[in-house]
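Noted in TrEMBL for the protein shown:
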| type | residues | note |
| --- | --- | --- |
| DOMAIN | 19-120 | domain 'SRCR' |
| DISULFID | CYS45-CYS109 | disulfide bond |
| DISULFID | CYS58-CYS119 | disulfide bond |
| DISULFID | CYS89-CYS99 | disulfide bond |
| DOMAIN | 144-255 | domain 'SRCR' |
| DISULFID | CYS220-CYS230 | disulfide bond |
| DOMAIN | 279-378 | domain 'SRCR' |
| DISULFID | CYS348-CYS358 | disulfide bond |
| DOMAIN | 388-497 | domain 'SRCR' |
| DISULFID | CYS464-CYS474 | disulfide bond |
Amino acid sequence: MAQGLLGVLSDSGKPVIQLRLAGGKRKHYEGRVEVFYNGEWGTVCDDDFSIYAAHVVCRELGFLDAESWLPSAKYGRGEGRIWLDNVHCSGSEKSLAHCPSNGFGVSDCKHSEDVGVVCSKKRIPGFKFIRNQLSSDEVEDVRIRATYSHRKRIPITEGFLEVKDGGKWRQICNVDWNEMNSRVICGMYGFPGEKRFNVRPYKFLAKRRKKNFWGFSVNCTGNEADLAECKVGREIELKGNRTCEQGMPVVVSCVPGRAFAPSVSIGYRKAYRVEQPLVRLRGGALIGEGRVEVLRNGEWGTVCDDDWNLKAATVVCRELGFGSAKEAFTGARMGQGIGPVVMNEVECSGFEKSLTECRFNSEALGCSHEEDAAVKCNIPAMGFNKRLRLSGGRNPYEGRVEVLTERNGSLAWGSVCSDSWGTMEAMVVCRQLGLGFASHAFQETWYWQGDASAEAVVMSGVRCSGTELTLDQCLHHGKHIQCPKGGGRFAAGASCTLTAPDLVLSSQVVEQTTYLEDRPMYALQCAHEEHCLSSSAEQADSTSYRRLLRFSSQIHNNGQSDFRPRAAHHSWVWHECHRHYHSMEVFTHYDLMNLNGTKVAEGHKASFCLEDTHCDEGIQKRYECANFGAQGITVGCWDTYRHDIDCQWVDITDVKPGDYIFQIVINPNYEVAESDYANNIMKCRARYDGHRIWMYNCVIGGTRSSDTEEPFPGLMTNQLSHR
């Protein structure tokens, strides 16, 4: 029955392995070295192991290099095979599998000799992780087979449970079946919980159908991520039609999360109330994955990855209306968060209703955002990717957007009008297709030969907020198509990517660098020409003064890919004031508003040259404004615009003394795609007495729960609450 994955070979003929760090109390960058090969996890013996081998291990795991290695099972004894012994690496190998050794499984060691490593905390910038490419299953497949009347429902939440064994689908006898088993099945299929159902129609159907029972019962604890992890129970005596005479085939009935519930059912609406969530996901490329953030003392913070595991991850997933967790990520795999680290050393039983009910240490000493925990959850099969496609692109990640719609009583593919088409709309397309984030939104697609039968425009006026799971959930014109340009070359297109940048402004730097300057008009001629002053400056005398609210902007790229301007080199604009080219004409908005949100100082749209001013340790600068150089912000670097640069201000000459809100928005037009737009806005309280200004309580949008009005309402993703 058990199907292990055989030793996989790469194109070069060398074995493909997967590595992980394991063991007891440890940080995410250290642990016992474990190797997945030939369908099972095993360890590495410490004989002849060296710092060079440790470097290879750490780089294969996405760290810059190794700091040290530890012999004699310092992280505890492993289990299973000892896959490698007498490993001799030079340090330049791409994989531990490429280093000379005795060969896989050839060892005279015991688990008391299991080797461990301590890697550098720093990640390799832009490192692409292998996502679960190696796995093994105990049974070939599992399915919930809906009855005929329920077969067209999406998602399928109820039906006979069947397992595939020996190439045939078989039922399981329900004599020893319990709720814990159903809970595991529902979790696998993306549902947070199981529910009772009407047995009578199933009994009736079971009597009429030919049965083919599996020869075992199943014994799950309820915490397993997959049926394959449950223990096989007692053997069932197979007696043809008399098998399982005391029972019937197992039926499973699951409760879907709010986002996936069929709208026809009033019961689901009652079951799931929209309320202030305590946990949310951020920065994930796909539905049901992201960095875990928790609301504590009115402020959103992150979770440290010490002891982070699948049990805790599953509590998060179910709490948010998804199924069980597929993976529990460590080491800020979904990008670094901001704000405090509010939970550490989380211990869950797996049955808590919320992560906040688990035991945890509120002291996060030694934890940084480089250790932010994240999850990947099982989600229901909604068939989202079957109703949309990218056509004509050079690869599956780009092309003209084509949607499946009903025309004249039959389903047909058509294109989307590109009027109002932008990054937000492309983001929804990429997410619906399971292709991650949008890298670009295209309003012309003549260079992509889409399907000739899909030329007709079937969707127009599309406006998305960003949280929608499908394009048809966005606002659009419905059946009344309005597309003056027509489709064809002007059909909407998109390109997608699994990684994206994430810009975050330093609120601390803004608070610390704010001051007022009175500057004469004759010294502001250049800035005036670039529209950096309020409109009253038009009539101002050249000897008069303007009062400028000055501050520094320090913008950090916390994401997983570089922030690059959309405009090509040839379209950049030379700015005389700054003496360099600006690659983004509107990169930030600066505004001063009264407490009601009305602008009192005419904020201006600041354009920027983008470059790496400083980088985190171990990261090289890539972008520089001088000499018409390449522009952008590297992952782990920041771009600083100092307070003493022209236009790095708001003109408050006409503002009366009082209390105000100062606001900065980065990338306000969503010109460049990011993994999280919610942290692109910063608001500060400002008190102006006519002579001095105080800037205080600066917060990044969405970090305080009291900010009920979301700055970018569409992108508070996955805020589903399950009770």
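Sequential numbering from 1, following the chain as shown.
Placed from the backbone N, Cα and C atoms, the Cβ positions cover glycine too.
On the structure: features taken from TrEMBL.
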{"residue": "CYS45", "record": "disulfide bond", "Cβ contacts under 8 Å, 6 or more apart": "ILE82, LEU84, ASP85, ASN86, VAL87, SER107, CYS109, GLU113, ASP114, VAL115"}
{"residue": "CYS58", "record": "disulfide bond", "Cβ contacts under 8 Å, 6 or more apart": "TYR29, LEU64, ASP65, ALA66, VAL117, CYS119, SER120"}
{"residue": "CYS89", "record": "disulfide bond", "Cβ contacts under 8 Å, 6 or more apart": "SER50, TYR52, ALA53, HIS55, VAL56, LEU96, CYS99"}
{"residue": "CYS220", "record": "disulfide bond", "Cβ contacts under 8 Å, 6 or more apart": "MET180, ASN181, ARG183, VAL184, LEU227, CYS230, LYS231"}
{"residue": "CYS348", "record": "disulfide bond", "Cβ contacts under 8 Å, 6 or more apart": "LYS311, ALA312, THR314, VAL315, LEU355, CYS358, ARG359"}
{"residue": "CYS474", "record": "disulfide bond", "Cβ contacts under 8 Å, 6 or more apart": "GLU425, VAL428, VAL462, ARG463, CYS464, SER465, GLU468"}
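Below 8 A, the CB atoms of the domain 'SRCR' (144-255) and the domain 'SRCR' (279-378) form 3+ pairs separated by six or more positions in the chain. The Cβ of CYS119 (disulfide bond) has 27 neighbouring Cβ atoms from other residues within 10 Å, across all protein chains displayed.
Residue counts for the domain 'SRCR' (388-497) under DSSP (helix as H, G, I; strand as E, B; rest coil) come to 19 helix, 40 strand, 51 coil.
Regional average pLDDT for the domain 'SRCR' (388-497) in the model is 90.
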